[in-house]
Amino acid sequence: MAQTDDRLPQMHATTILMVRKGGRVVIGGDGQVSLGQTIVKGNARKVRRLAKGTVIGGFAGATADAFTLFERLEAKLEQYPGQLTRACVELTKDWRTDRYLRRLEAMMLVADKEVSLLLSGAGDVLEPETGVMAIGSGGNYALSAARALEDGELDAEAIVRRSMKIAAEICVYTNGNLVIETLDAA
């Protein structure tokens, strides 16, 4: 169990999946929030729109930390409009150098119509080699399922829905209450 200090268990665990295919990018996330071995909420919203709907993102990790990072990313997107990669690089610089921010425990997947990125507290800003990326405790299950489905006839949203269902059947920290956001890609 992840902990923020020696006494308090951290709210953690989720699955976030991003698929870019056929002119669309889709991010889906489950709704479960766990505290230790207990489910405390089943319908959390871990996927949302940013920058007046031009960017979608999802987070895994400590909820309050992720909301702080979403707010900071929103500010960077206002500072660098239409430049998702630049905004993310500037956010991760702050994340790594600011005393308060560097203690935040979260990962994010974000996308606009042109680029998909993973942001981590280690200072990573990574673009996937393929159109599929996942984070969280069920991320590897969702990623494997999505990769198996991506060459078939399913569209991006259907791949996200089926892959997240598979992850929820395997990962005890992931449920089937999905939030899905979609953007038309370039």
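Glycine residues also receive a Cβ, built from the backbone N, Cα and C atoms like all the rest.
Swiss-Prot lists THR14 with the feature active site, giving sequence analysis as the kind of evidence. The Na(+) binding site annotation in Swiss-Prot covers ALA168, CYS171, THR174 and is backed by sequence analysis.
Using a 10 Å radius centred on the Cβ of ALA168 (Na(+) binding site) and all shown protein chains, the other Cβ atoms total 21.
A separation of roughly 5 Å, to the nearest angstrom, links the Cα atoms of THR14 (active site) and THR174 (Na(+) binding site).
Cβ atoms within 8 Å of the centroid of the Cβ atoms of ALA168, CYS171, THR174 (the Na(+) site) belong to the same-chain residues THR15, ASP30, GLN32, SER137, GLY138, TYR141, ALA142, MET164, ALA167, GLU169, ILE170, VAL172, TYR173, ASN175, GLY176, site residues excluded. Counting other Cβ atoms within 10 Å of each Cβ, the recorded positions THR14, CYS171, THR174 show the lowest value at CYS171.
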